Amino acid sequence: MPPKEDWEKYKAPLEDDDKKPDDDKIVPLTEGDIQVLKSYGAAPYAAKLKQTENDLKDIEARIKEKAGVKESDTGLAPSHLWDIMGDRQRLGEEHPLQVARCTKIIKGNGESDETTTDNNNSGNSNSNSNQQSTDADEDDEDAKYVINLKQIAKFVVGLGERVSPTDIEEGMRVGVDRSKYNIELPLPPRIDPSVTMMTVEEKPDVTYSDVGGCKDQIEKLREVVELPLLSPERFATLGIDPPKGILLYGPPGTGKTLCARAVANRTDATFIRVIGSELVQKYVGEGARMVRELFEMARTKKACIIFFDEIDAVGGARFDDGAGGDNEVQRTMLELITQLDGFDPRGNIKVMFATNRPNTLDPALLRPGRIDRKVEFSLPDLEGRANIFRIHSKSMSVERGIRWELISRLCPNSTGAELRSVCTEAGMFAIRARRKVATEKDFLKAVDKVISGYKKFSSTSRYMQYN
């Protein structure tokens with residue numbers, strides 16, 4: 001290998017075209033060339049779109065500044081955005097109010113809605129001379145209102161500037177000013193939150209087609225509940241009042257609660273579901289108060305359906321055991337029958353009851369006027385059992401050609417709940433065999449396990465003698 005200093009002699013000679021003159025220098029790009037390179041390959045509207053994006057970012061920054069999105073570390077908006085005068089004015093307009101009850105309305109001519117007036121509280125009058133009202137009637141403009149502040153006193157007061165005389169009625173709850181006790185706000189009736197939570201907000205996903213073996217019962221149920229709500233003119237033409245109460249009774253698992261869920265899905269009326277044991281309270285009078293507030297809330301609705309499940313918890317026949325243990329339950333039942341058909345009209349309220357023991361209910365609760373129709377949910381027949389199998393197997397992966405009538409013949413005197421358990425067990429047999437489809441053999445095994453094997457746990461025959 002030649003020495004390093006002799007490498008030059010071994011290089012190939014350059015041609016004249018490849019030789020670079022020594023005086024060539026690198027020329028820097030001008031501003032125009034840079035702009036050309038930046039815009040090279042850009043679309044015709046790229047500059048306008050870029051300008052629009054910058055304008056949008058500028059507007060967004062100004063909106064965030066005005067709205068106070070970017071706040072300081074202390075959690076407050078910048079000081080230049082403070083509106084101290086507006087805050088003071090807002091605090092001056094809104095004051096905390098006291099809750100009172102309007103017990104009497106005294107007209108401007110000295111008369112009241114009642115035959116007597118309370119003269120003892122006239123010395124506590126604190127009238128408002130600058131009262132403004134939208135009502136043109138002079139009596140309403142000069143009317144005074146007797147309010148009762150709990151554990152304080154009674155006062156005769158006037159209305160605030162933002163309250164109309166037509167908004168105030170005797171017996172309603174009102175919000176009064178703490179200093180002058182003027183009525184500033186009408187309040188809705190007080191209802192226990194536990195009663196309000198009984199309202200069904202979301203409609204169930206059960207329809208009448210999901211209820212098998214209850215064709216006649218569904219027709220009777222719809223005549224009582226749906227027909228008066230959808231076609232009230234039919235009853236008005238005949239001059240009769242539509243039935244307002246219905247009792248669903250039968251052995252457990254025959255579809256009573258399922259039909260009630262289908263009614264809640266079908267109608268647009270407010271649906272209230274009450275479990276009988278919820279009305280049994282510890283303290284005296286609590287259960288009757290809940291029943292009273294329940295019907296008060298139902299009367300505020302345009303149309304309402306109340307469903308009492310397991311009504312035998314509070315609707316049992318009255319008796320004296322000597323110890324008085326069931327006195328509170330009997331008081332609750334008396335309040336219930338009073339609300340159903342007492343001195344005050346029930347209104348457009350339909351009531352449904354469900355029980356497994358109709359023989360234990362009080363005769364006063366079962367009389368016509370309170371419960372107009374009694375529907376028995378008996379055991380399904382052969383056609384009904386086959387229909388129930390088809391309904392429950394609709395969402396299952398089963399093979400074609402299963403003889404549902406044959407399987408139904410193997411399940412005599414079975415309820416809908418037991419037939420659903422048969423479908424579930426058939427799916428379990430398919431899972432044990434690592435199959436994705438349930439076969440007819442799986443259903444036959446399930447019938448042998450559920451209907452024959454669990455027969456000693458069935459209470460259907462015992463409940464049949466009660467219905």
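Cβ atoms are placed via backbone N, Cα and C, with glycine included.
Under the heading region 'Disordered', Swiss-Prot lists 1-26, 108-140. As annotated by Swiss-Prot, compositional bias 'Low complexity' applies to 117-134. Per Swiss-Prot, the feature phosphoserine maps to Ser164, Ser231. Taken from Swiss-Prot, the feature ATP binding site covers Gly250, Pro251, Pro252, Gly253, Thr254, Gly255, Lys256, Thr257, and the record attributes it to sequence analysis.
For the ATP site, the Cβ centre of Gly250, Pro251, Pro252, Gly253, Thr254, Gly255, Lys256, Thr257 serves as reference, and the other residues of the chain with Cβ at most 8 Å from it are Asn356, Phe377, Thr415, Gly416, Ala417. Other Cβ atoms within 10 Å of the Cβ of Ser231 (phosphoserine) number 12 in total over all chains. Remark: Thr254 (ATP binding site) has Cys214, Phe377, Ser378, Leu379, Pro380, Thr415, Gly416 as non-local neighbours, by Cβ distance under 8 Å and separation of at least 6 in sequence. For Lys256 (ATP binding site), the same-chain residues that are 6 or more apart in sequence and have a Cβ closer than 8 Å to its Cβ are Leu248, Tyr249, Gly250, Ala354, Phe377.
Counting other Cβ atoms within 10 Å of each Cβ, the lowest count among the recorded positions Ser164, Thr257 belongs to Ser164. Thr257 (ATP binding site) and Ser231 (phosphoserine) have their C-alpha atoms 25 Å apart, to the nearest angstrom. You'll find the Cα of Ser231 (phosphoserine) roughly 26 Å from the Cα of Gly255 (ATP binding site). For Ser164 (phosphoserine), the nearest neighbour among the binding-site residues Pro251, Pro252, Gly253, Gly255, judged by Cα separation, is Gly255.
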